[in-house]
Each structure stands twice: as structure tokens, then as C-alpha cells.
Amino acid sequence: MDAFSSSFLSTVPPSKKFRSPATVTRSTSPPSYVLRRYISSVRIEEKPPTTTKTPPPQPPKAQPPPPPPPSYVSPSVVAKKRVEPKLSTMIFNTFDGIINNFIDPPIRPSVDPRHVLSHNFAPVDELPPTPCEVIQGSLPPCLDGAYIRNGPNPQFLPRGPYHLFDGDGMLHSIRISNGNAILCSRYVKTYKYSIEKQIGSPVLPNVFSGFNGLTAAATRGALSAVRILTGEFNPANGIGLANTSLAFFGNRLYALGESDLPYSIRLTSTGDVETLGRIDFDGKLFMSMTAHPKVDAETGEAFAFRYGPVPPYLTYFYFDSNGNKKPDVPIFSMTRPSFLHDFAITKKYAIFADIQIGMNPMDMIFGGGSPVGADPAKVPRIGVIPRYAKDESEMRWFDVPGFNLIHAVNAWDEDDGNAIVMLAPNILSVEHTMERMELVHALVEKVRIDLRTGIVTRHPVSARNLDFAVLNPAYLAKKNKYLYAAVGDPMPKIAGVVKLDVSNGERKECTVASRMYGPGCYGGEPFFVAKEPENPEADEDDGYVVSYVHNENTWESRFLVMDAKSPNLDIVAAVRLPRRVPYGFHGLFVRESDLQKL
């Protein structure tokens with residue numbers, strides 16, 4: 001065990017163990033009547049410590065036991081000031097309660113909030129800018145800016161079914177300057193968040209968990225329609241959560257979720273995070289945009305798309321270096337709705353994956369399942385279109401059986417533009433993606449498409465369960481050598497990070513460095529920060545890998561900085577955070593020079 005892990009766990013009695021969300025059983029949760037009693041009046045509230053001084057060491061026998069992990073309802077829950085609802089809202093909430101308790105209660109673990117929101121998946125309240133303590137090493141000078149990570153954090157404890165993807169977006173920002181760090185956690189002030197905060201209760205059903213079965217979909221849909229007709233909510237102002245990722249392009253920082261338009265974000269000089277508003281790019285962007293746009297570091301352009309349940313199921317577009325949106329390119333050759341979470345670009349092409357996950361209305365109607373599900377009979381395809389296409393006339397599709405891409409890492413051109421190489425995790429057992437994520441194994445593969453012959457070849461670059469892989473951002477759309485990927489233990493928990501050398505030969509394990517966080521310690525998506533981003537002669541891996549890491553034994557969260565060049569991804573700095581950071585999704589490091597442009 002490395003020094004970080006041993007010091008991180010030094011205060012934990014050996015007998016004290018906590019179970020992961022995958023092992024939480026309903027018998028450990030409060031009775032349902034307790035949940036209903038607290039449902040709209042409480043939140044998990046955690047106050048930052050009043051001092052950052054480290055207490056003097058105590059003998060082991062004098063150590064207090066670690067605090068109990070917060071769960072769906074815990075002793076740390078305190079009452080918040082209630083918003084007195086209107087009569088109409090009370091009536092709507094009553095019908096909502098009938099649906100949640102009698103028509104579609106959260107029976108399955110994947111939508112049971114007592115399971116989904118257990119341990120460090122439990123929500124936290126907002127945290128104003130709060131100083132942090134560097135407890136190991138020192139923060140490198142190149143970390144001058146802010147690392148911001150997005151993730152779901154429900155504003156209200158769910159009254160019915162809740163899926164991991166359903167929470168309101170919360171940004172956890174650690175701003176670094178002159179070796180000092182400040183943590184701030186703020187909700188993205190989406191239209192949905194603001195209306196529900198004003199009303200004092202949820203308004204719309206959760207997208208991934210609220211429509212399981214025809215009866216649930218019909219009743220919740222009818223109730224939502226009544227809320228809209230009475231003016232309680234206007235879906236034209238957005239229904240999204242902005243809970244997935246962030247992007248910086250056109251001198252703007254955006255919080256993103258693929259069911260809505262981007263929300264512009266600003267960081268203040270004190271380290272606070274502000275939501276500036278929902279952006280439609282002068283009326284040129286409609287409905288929604290992917291949470292994974294690709295920003296070419298050389299040109300400053302950003303490439304994106306949207307997908308939906310009605311034709312065209314896929315629409316491609318891009319933004320110039322000033323952030324001006326270019327015309328849509330509808331893709332009508334995608335003949336059925338598919339779950340298009342991510343894509344890849346090269347210098348010449350954009351690459352899309354038409355996978356086995358998509359809209360599944362028949363399973364919802366007859367099987368009581370989610371409207372989003374897997375179709376095992378479907379043959380996955382990869383679509384290739386010129387990067388600056390004006391229409392889809394040059395779109396080509398290639399069948400790739402068994403290849404289900406959810407996150408793309410990178411792609412580049414080879415053979416004078418006559419071939420494409422793409423790196424991406426392939427989701428095995430794709431039927432478990434929505435319901436049993438702990439059973440999913442993601443195998444990072446290198447895929448080569450010969451555009452002249454149409455032959456597609458594939459081989460894995462690692463046998464480990466890896467996802468949330470990133471690279472040096474300067475190498476996006478160019479041939480890269482290194483990847484940094486999160487190790488599932490199992491997903492969605494991240495037990496460590498590995499460095500892959502994808503230039504190694506075929507059928508060879510490409511792992512060249514790894515850092516496991518230790519027993520009971522879990523992190524999130526890694527992010528690579530170059531030491532000299534303006535130096536074209538710098539090595540591709542000359543920089544640092546950063547991530548939030550949480551210790552479920554001591555209930556302490558840290559920000560780790562790891563040396564990307566070292567064979568063990570050595571920790572060069574560890575920052576103790578003033579309160580825990582829940583597990584989440586994707587993050588971004590924004591340099592101070594770019595923060596000043598906001």
C-alpha cells in the first residue's frame with residue numbers, strides 16, 4: 001500500500017467496514033413511512049469545518065469511530081425552511097404521491113433512491129468558496145486555474161423512482177492559485193432547478209426512471225401535462241439538468257446535459273461559481289446538444305450534435321473559433337432512435353456510433369421497463385461524415401457487430417485520409433447498462449476503418465474494466481500515444497486510474513502505469529493537465545492527472561494530483577477538502593488565463 005493509502009486509512013479500526021451501493025439492502029434503510037414524512041422538508045446538510053488546522057495525533061484507543069456514511073435519510077439530515085405551496089401544487093403533489101406509492105413505487109434497486117443515493121452517492125448542499133488544506137506535497141505551478149467536475153445531486157429527496165442519471169447538476173470547483181486551493185459547490189441554476197426551488201418540490205418526473213411501464217408513463221405524463229397547462233412549468237424554457245459535463249469554447253464555459261441547451265457558467269475572483277443563463281447561440285441552436293462536444297485545440301472549433309426520438313434522429317453541427325454556430329446537418333440515414341451519448345472527430349471526419357441502446361417503447365408498454373433499453377437483435381454501426389459536411393450525402397455506415405460505444409476517447413486519420421483509427425471503450429453486456437451497471441465491463445478497443453475497402457478491424461488495448469478515459473487535450477483529433485482511464489470496481493465506482501500506451505502492438509496489454517486508491521477509496525474520471533501547454537516540444541505525457549477521491553472509511557474527500565510520467569502515477573499533491581464531494585461524471589480543468597476571458 002502506498003503512503004497516501006496508508007495515511008488515508010490510518011485512523012480506521014480494522015473491524016469498521018461499509019458496504020458499497022451494490023450491496024446495500026432494503027433492510028438497512030428507514031421504513032417507507034419515515035421517507036414519506038421527510039420527503040419534501042429535509043436535505044443532507046454538511047457544514048465546512050471552522051478551522052483547517054490538523055489536530056494533534058491521538059492514541060488509537062482515543063480515536064472516535066468514523067462517522068456513519070450518509071444515506072438516503074441519515075442522522076445528519078436537518079430540516080430546511082419549507083416553501084408554502086399553492087393549493088394547485090398541493091393537489092398535484094398528492095396525485096404524484098399516489099403514483100409513486102401505489103402505481104409505480106421504486107421496487108427495483110436501480111431506481112430505488114435508498115439504494116441509488118446511499119453512501120457517497122448521497123447528495124450534499126451547496127458550499128460557498130471555502131479554503132482547503134494541502135496535506136501532502138505541493139500544488140504544481142501549472143495548476144493555475146480551476147478543476148470543475150459535474151455530476152447529479154438532487155435538490156429534493158426523490159418521492160418516487162430515481163436513477164443515477166436523474167439528479168440536478170452540481171459543479172464542484174477547486175480553484176488553485178499560488179499553491180492554494182478553494183473549493184466551491186454550486187447547483188447549475190437551470191430553469192427546472194429554479195422553478196422547483198421556487199415551488200418547493202419536484203415538478204417533472206425523472207427522465208430515466210419515471211416512465212417504467214405504460215401505466216406509469218401515462219399517469220406521470222398526464223400529470224405533467226396538467227402542470228404545464230396550468231402554467232406551473234413551461235417546457236419551452238428547458239427541461240434539462242445540466243448534470244453531465246463541461247466544455248470551454250468561444251471564450252465561454254458551459255455546463256452540459258444532453259437533454260437541453262448549454263448553460264453558461266462563470267467563476268468569480270473569490271472562487272464562486274455562477275450560472276449566467278441558458279444559451280441558444282442567437283436562436284441557432286434548437287432543443288438540445290450533446291454533453292460531449294469535441295474542441296480542436298489547434299483551430300479552436302467545437303464540434304457537436306443532438307439526437308432525439310423523432311426524425312432526424314441525429315443532427316450534426318459545429319461552432320467556429322469565436323463560438324458562432326454553423327448550420328445543422330440532419331442525418332436521415334439513421335433510421336431509428338439510438339442512444340448517442342458521445343462521438344469522435346479527426347482532422348477530416350466526424351464519427352458516430354449507432355449502438356444497441358435506444359428507444360425501447362415496446363419493452364416499456366409490455367414489460368414495464370424503461371423507454372430506453374437494449375435491442376440485442378440490432379447490429380451496431382459506425383457512421384463517418386466529413387468534418388465540414390454541408391449535408392449527409394457523403395455519410396457512410398459500417399456494420400461493427402458487438403461494438404457498443406458510449407464514451408469515445410479519440411480518433412485520427414491514417415493512410416492519407418483513407419483510414420480512420422478510433423479509441424473507445426466497448427460496453428460488454430450492454431443490456432445491463434441502465435439497470436445493473438455493476439455487471440458492465442468496458443473493454444477499451446482500437447478500431448480501424450479502411451475507407452477504401454470498408455473493412456473494420458478491432459483489437460483491445462487492455463483487458464481491464466476501464467471507462468471515463470481521457471488524453472492530453474492537445475492531441476484530440478490527432479494520433480496520440482497515451483490514455484488515462486478509470487478502473488471500474490465495479491462501475492460506477494472507480495477504484496483507481498491506469499495509463500495506457502496505445503502505440504503498443506496488437507493483442508498486448510497496454511497498461512504502463514497505475515494508481516489504485518486503496519481499500520474503501522474511490523475516485524472519478526481522471527483529467528490530464530499539461531505542464532507546458534504552450535510548448536510544442538513538450539512530451540505528450542509531461543503533466544499531471546487529477547481527480548477527486550473519497551475515503552468511505554473515514555468519510556473524507558481529497559483532491560489528488562498525480563505525476564503522469566511516473567511509473568506508479570506518483571502523488572505529488574493531496575488536498576484535504578472541507579467536506580465530501582459525491583461521486584459524479586465528467587470534469588474539466590480551465591486555466592486562469594481562460595477564466596479571465598469569461
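Glycine residues also receive a Cβ, built from the backbone N, Cα and C atoms like all the rest.
According to TrEMBL, the protein has these features:
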COMPBIAS  1-13  compositional bias 'Polar residues'
REGION    1-77  region 'Disordered'
COMPBIAS  22-31  compositional bias 'Polar residues'
COMPBIAS  54-72  compositional bias 'Pro residues'
BINDING   HIS292, HIS341, HIS407, HIS586  Fe cation binding site
So if I measure Cβ to Cβ from HIS586 (Fe cation binding site) and keep only same-chain residues at least 6 apart in sequence, which ones fall under 8 Å?
ARG149, ASN150, THR244, SER245, LEU246, ALA291, HIS292, PHE468, GLU525
Count the other Cβ atoms sitting within 10 Å of the Cβ of HIS341 (Fe cation binding site), across every protein chain shown.
18
Can you check which residues sit near HIS407 (Fe cation binding site), meaning Cβ under 8 Å from its Cβ, same chain, 6 or more apart in sequence, and list them in order?
HIS292, HIS341, ASP342, ALA424, PRO425, ASP467, PHE468, ALA469
By a simple count, how many Cβ atoms lie within 10 Å of the Cβ of HIS292 (Fe cation binding site), its own Cβ left out?
21
